[in-house]
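Data block below; observations after.
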């Protein structure tokens, strides 16, 4: 009897283990839909519009990946996640990838068993305070009440910043950006801290954005990027190179307007040709069709177009390119060669 | 030759396992046991397989690692350099706090509402019916969010308490209701607090003795002694007398304030401007009246300072000699000869303080300082859980009272017992045996519902261990197992304590 229990257990184990290791790329293709974890709502980065269609900077990455894999940028099932639920959702396989302004850190990459596909926004943590407080530096915040999203790196940076400067504060933990905004506007906290881009996005939705100021101190490095589960390298490659394709497209001047024309026939630049599949077999190397990059770029434009459309200087968020300019313009955005 | 015939053999055939009632139940039990074990082994092996597929190990070592995050409500010492285990402890204490507060208030509310719902007064009875039905039929999470939203949106910000603002403190400037919480005076323990506590404990014993004596006298002679007044008097008078006596003696003592590097008879203002210009570090025993009075002195002089907490007078001297603080007050009774080298008494001195003093909250830079802050998250969670569970308890109480036959009341009235005594001495003791068992479940419900705390940012164990810690370390399985274990143990303790009480009040059969 004991033996049969053992065999039964072994069989079940084998089945389960087999299922857990199946390739995400095949799953997505079979499902015909990409499960993409996004923020619960942060203007410019990921929020549903008036018609309930998700749009934003991070959302565009999901759409580009869906377009590259499935040829359809709308074949995405957006799963809103909070700071606390996002990693469990990704680790458990509920979502295939997470594009939710998540900071690339050592422990998340190694201990939490994720792989970051790259950086789509170089950010840093800042503080938002009402102008009426008369605070000009984060070091003046001794004794202040600070709203902070739980389960984030910003929570740890905040503790370190106040500890290093030997000043005290009272944390008010909140779950989502919307909750933080409500608490902050009600005056239940003196300051709100998160990534500076998030602060700008939040402030843009206020009734009187001019009454609030983002303090000059940036207290941390926050490289934000999409991530996938560790161990499924094929799928990680797909996400990584889709992001790189968007970046490279900006560098080579491939936009959503001219991508169809450029991909119709081989042009003069061999790297653009390889990228758009008119030369070589790059798509086959990552298990996709040869028009994968073309589809990804056509979905929402290249990196620069996505930036300008969602969070650029002409949007209410009004973020300058800064560190997120192409390396050719003195920024940090840089795609490895397509070859 | 043998004549005995063969005894029929009680041979066992496998078919008996199914058709013989003697064996059938055994067969079913064995099969059920095997199925259960198979299920369990599947769960365990599935977990192991999935953990290894994810490349995760099973290890509780993370509890010793640095937590790195801050918690606003701490009942024990904690900062961001403490371990995850310590953070879990802070969360556990916060959970227990809300459970104890909630169960106490829910009992009071529930018993009152349950009794009043049976009132003959139409308005009172119907008001209670509205309360019970309203709270019982709407999810508790909604009540938590509603009360929290009311507290944050409809109360003034601390800023509004400044001159020109439209908010003011209440109860003689001692309580401030803000959208960050309610600030109330905090007690500080001074010299003689131990004596005061001892007197109070002795008077509690006195109350117990008095009540037993009164009971005995009534049993023997029928004479009713004033139990209520006696209890009240014993509760208040000795403690109040001890307080007055201590205040008149040690409370009048003045203590010098020593400053390192000061000149003789220098005032605090001169010291701040002169030798202490690079910053004031004050050594004081946190929570003592000396520290409170020292802080009041510093505040009156509008001097900015850092508090260096020390354990006692000797530690304060050691800290001053090590250069960690330049201002200190020594607890009364310290030998003047031990004053650290270079320290000179300032011209101001402070009162040693009464055995118990209350520090009022005062408006500081961003927020109220001093006093005790009851955060909105605590208040919202406490009120919502208590009112919600109270509605269920009210129904239990009503059911219990209705279960006592009406003849009991009539008999009591016929004997000339007053209605209030009838309820207290005749009805409730009989009703309790019906009320207590379902009440246990309500206490358990309240304790477990407190895990909704995260909705309002109350840092209970679900938010610390089960929230931030899991998120930062990625130890979901370990964290959730610990969390489940904690709630299991807490629930078992509550129910066994209540079962003990139940066995005391249940119908005794002699």
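Cβ coordinates come from backbone N, Cα and C, glycine included.
Those TrEMBL annotations? Automatic predictions, nothing curated.
Among the features that TrEMBL reports, transmembrane segment is placed at B:26-44 (among others).
Listed as Cβ neighbours of the transmembrane segment (B:87-116) (distance under 8 Å, sequence separation of 6 or more from its ends, same chain) are residues 63, 67, 69, 71, 73-76, 78, 124-125, 127-128, 131-132, 378, 381-383, 385-387, 389-398, 400-401, 423, 439, 442-443, 446-447, 450-451, 453, 458-465, 468-469, 482, 486, 490. What TrEMBL records for B:87-116 (among others) is transmembrane segment.
Residues or ranges marked as domain 'ABC transmembrane type-1' by TrEMBL: B:92-498.
The transmembrane segment feature in TrEMBL is assigned to B:128-151 (among others).
If you look up TrEMBL, you'll see B:188-210 (among others) marked as transmembrane segment.
Sequence-distant contacts of the transmembrane segment (B:222-246) (same chain, at least 6 residues past either end, Cβ-Cβ under 8 Å): 191-192, 195-196, 199-200, 202-204, 206-207, 210-211, 213-214, 354-356. Residues or ranges marked as transmembrane segment by TrEMBL: B:222-246 (among others).
Same-chain residues lying 6+ beyond the ends of the transmembrane segment (B:480-501) with a Cβ under 8 Å from its Cβ atoms: 60, 88, 92, 95-96, 99, 436, 439-440, 443-444, 447-448, 451, 461-462, 465-466, 470. Taken from TrEMBL, the feature transmembrane segment applies to B:480-501 (among others).
Sequence-distant contacts of the transmembrane segment (B:128-151) (same chain, at least 6 residues past either end, Cβ-Cβ under 8 Å): 113, 116-117, 119, 179, 376-377, 379-381, 383-385, 387-388, 390-392, 394-395, 449, 452, 455-456.
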